[in-house]
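Working notes, beginning with the structure itself.
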Amino acid sequence: MNEQDLLNSLRRDLNLPNLGKSHDGSEAVESTFPEKKESSLSAQQPHVDDQRSSLLSLLNAGLNASNQSPSNSGPKYYASHSSSTDALLQAFRDGAKPSGTASGADVKRSDSESTEATSNERPFNPVSAANLERLLMSSTGPQTPINGELKSNDSQDTAFQSSRNMPSDTSVASPDYSHSQSSSPIANYQESGNSEEPHKAEEQQQLSIYQLDNPGSGNYVWETVISPDKFETSTFAKCERNDIAIINRELDAQDNQLIHTNEDFIAYAVHREPIIRVIEISTGKSFLLHNNSPNKFVSVAWGNDSVIKNRLMAIDTTGQVLIFAVDIATSTSEIIFQLSGAQSLSDPIKSRFHWYPKSSTRFAVALSKHIIFFDLDLLNNISFPIPRSINAIQQLPCFLIDTGISAKEYDFSYDGTVFATVDKDALIKIYTVPTTFPSTPDKRPVPSEVSPIAIFTTRMERGPSKNYEKPINLRFISTPGTNNSRYLVIVYVMNQLITLFDLYSKRNIQTFRFNNRPTAATTTSFSQFSVDNERSTLLVGNPPSNSIYFFLFAKDETVSEQAPIYNSTYELILASLNTSEPVPADAKFSVIVAKKFEKAACISFTACKILESEDKYCIVVSNTDGYEYYSIPTSILDKTGKTVRSLESVQNYDADIGGTIDLTERHSTASPSTVNSGFSTPRSQATGFSKKKKDKGERFETKDKSSSVLSPSSYSASTFDAIPMDSIVSNILASLEKSVHKNYESLRSQLLEYKAANEKHTEAILSVVSSTLTENTGKILESVVEKSMQVALKEEIANSVRNALKNNLEKIESFLENSIAELQNSVREDFDKQTSSLAQLRYSIQNVAHAQKESEVKYNELNEQVKTLEGYVETVLEKFNDLKIENKVPETAPDVVPSSYPPAAESNVSVSSDTSTKDVEKQEPSSAEQPAQGIAESLRRLKEYVKAGSVKECVAEWCNMPSVAGFDVLSEISYDRMLENCSNLLLLTFIYHISLLDSVDDDRLSKRMEYISRICLNIDVNDPKVETVVHPVLTLTREALLRQSEFFSPIFKRRLVVLLRALDGKISEISVASSN
């Protein structure tokens, strides 16, 4: 059967007139064909009516209408779907969730955001539906169409909105994955890639490996200039790039480390939402962590303890720090630490968080110039959130360090013995890592008195070279085979300059400068900087060129022979300070591998261990299209035995070589920002760089100190309860003081009046006594009288004051007793109410949990019964079909599809004939129903074609005599082989017949829908051989599937929705092409 016969047969089945002239030049007879009578298929299934005649007019009317007035919204909506094969196939599989999986939240599409799916350059690796569920974690799509409209599943709560399919906000019940070859879904997805891709990728990426020739050391700095525009970079191969989540986002300077992994979990922040998704790598199970405020998260980090692996740190846009304890088994989490965010301008906004090395219990948080160290085991009885005030934090079990000036960043050494800070003046301060956390301020040193053990600087200018860039980040790194972190990598603004500082030789030994074209900042470079200490690899991103660079130490290089092997970084630094002789530094970066990200702008990245393989180097990346992970063969990063390009490095004798600053050094010309720390930087002198901007933390230092006493954030919860009582007592004491003073003045005035009234009588008595007694006796008597009067006056005054105080104190005592009694009663009543409410809530939760467990048990029992019944039904149907074929009963054979029409050559009816419709209907078919012998013969030929690999002949044979048994034989041919070997016309005929096939069991229905989706996505609508039939065939296929959907299971109804979208998109594409 040639293509012209195939086209005529298809047009005859569709009741379309044949064309007068075929596209290949052969003549074709124009004819019309009558409607066929209902076949056995229609007799057995009355709900699937063969309405070709009525459908034909409907299709023609719809096609004409679409050609005259094409819709503006339809083609635009489906254009993105039809342009990406992989995206539609992924969405098609998303509907096939395994039994027992909870449906996710309904996802709404934003009109303002891009609707384009993943790049069609991404690899399509077919995996099982279970693994796809675990890989993509996508929510369920819309339900079965009702009256031509797609209805969303309103029974589920919406977790968040996104322009892409987002993960569900409910815990996914883990299905049975025992059939999968690997326990890790991501490993399955990676291993299913094209085996030819890695070899090609390695050949291409070999061009982007550079070797630096910089032997020896001296009084100079090895300097390398990298021009990304001219630098040879290679893109990641398809087999190296895989999606974790697809989320459209815009660049935000606040975004930092948006995704992080450990050996067990993946965590990433959802764009514009206060949500973090946590995924278990081994099972693919995931659930959501919610912020207790409406602010999105900008940084996440797992603790790196080898035992406690479920603690996740998160920071939001206000600087709030949260630590979650994740329980993936129960899909629950607990906040075990919370430091509140900034509430005013006086509060430091930025929070810089670091876990202790190899710990999930101890960590440090930097707020402006303060660094606070905590231990979670000592914070069990602390109420959260913790205020963002240093005064409040000092009351907690912690350790504080005042760096004197706002440190840009800090980092722990890999062995955890020291940590380093770097500020805007390029000062590197080395401190010992605290191991004790006193509970009160009097048990710990004053934060400003904690001194560093060493201070280094990268700015010791020589000659005309003046480096005015401000450092923004630093990381420790060690050479392969050593236990200490000998080197510091300092990064300047936008990663334009990278300096390698040797702590042992106390100077800069190597610099890299990126020579980018002047462009606006595309994204923050703070997060595009990472160190993999286990592989001694530095990862640096270059935002203007959207590329990443791997810096590696040479494999054959070890620590300098002049430097003994120290067991810790602390010992190395002490030995460095005690060494006055110059020490050569010969261990430098010797290999650079340059890679480039495609399209989506990179935001952050970090090394990970998603793949448990020593042969692959993995990183996770967040970009403007979502989250991905990349795996690079370690053989590419190993330059041994390979020819790589050479990159020029020069010996710069005028570069900043750096050095050590004496801890006892003081400079009178130091700037105010450095006076607080007790040190002066080389730049702070008159000839140094100008200080045009004050540090942000210093600008509000005075205001913070003056307002901290009155600020609400400076009080704890217990202090707030004591404020009303303090005010009452102070008011009472003030009134008491006024009353005592008033009584004292009154008594004093009375005594003066009494003395004045009796003064005359006293003088008369004294004169008589003095005249009658001797002089001495009179003086003695006068003294006795005076003392008696003084005693009497003092006793009278004391009694008056005592009585006044007694009355006032009794009033105060009674008032306090009444107030305290009322307060106790009110607190007791509130406590009783809260206790009863909590008891009722606990009882309700227990009832709900019990009911949920019962419903789950019932659901599992019903599910097992349904599966058993389905197995019985399938067994009976198979036996029934086998019996029908063996008995050779043509009248009841359901395998014959009601699409067998007489061939075009046997019809003598033409378009120009005047034969009436009744005469056409009276014509008998040229051939009778096919006998069972014909079906058996067709099955024999199909098996021979399949065995011989004749794909085209096999499909043509089945289209000539379609049957269910023949479809089972035909389904052994893979989709890709069928698409490669069959023409568009043959494929179109094939999907027409399988859409009318009378079989709705799960296996055959799944294969039918897969064939239709594949052919729909790959058919060329511009092929002139099918341009007259492609629209009716696709429309008829769509209507046939809708009529049969009544007997579909819920799973296949969801898959049908996605398939109908693909058909509608292709039909809209045809309409747009015809209108143009």
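Using N, Cα and C of the backbone, Cβ positions are placed for all residues, glycine too.
These come from Swiss-Prot:
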COMPBIAS  1-19  compositional bias 'Low complexity'
COMPBIAS  53-69  compositional bias 'Low complexity'
COMPBIAS  70-82  compositional bias 'Polar residues'
COMPBIAS  153-173  compositional bias 'Polar residues'
COMPBIAS  174-184  compositional bias 'Low complexity'
COMPBIAS  185-195  compositional bias 'Polar residues'
COMPBIAS  669-688  compositional bias 'Polar residues'
COMPBIAS  695-706  compositional bias 'Basic and acidic residues'
MOD_RES   SER671  phosphoserine
MOD_RES   SER673  phosphoserine
MOD_RES   THR674  phosphothreonine
MOD_RES   SER1075  phosphoserine
REGION    1-82  region 'Disordered'
REGION    95-127  region 'Disordered'
REGION    139-204  region 'Disordered'
REGION    666-714  region 'Disordered'
REGION    789-1076  region 'Interaction with dcp2'
REGION    892-934  region 'Disordered'
REPEAT    292-334  repeat 'WD 1'
REPEAT    402-441  repeat 'WD 2'
### Task
Work out, from DSSP, the number of helix, strand and coil residues along the repeat 'WD 2' (402-441).
1 helix, 16 strand, 23 coil
### Summary
Beyond a gap of at least 6 residues from its ends, the CB atoms lying under 8 Å from the repeat 'WD 1' (292-334) belong to 170-171, 252, 254-265, 267-276, 278, 280, 285, 340-342, 347-351, 353, 355, 357-361, 363, 365, 367, 376, 385, 388
### Task
Write out how many residues of the repeat 'WD 1' (292-334) are helix, how many strand and how many coil, based on DSSP.
0 helix, 22 strand, 21 coil
### Task
Could you pull the average pLDDT for the region 'Interaction with dcp2' (789-1076)?
77
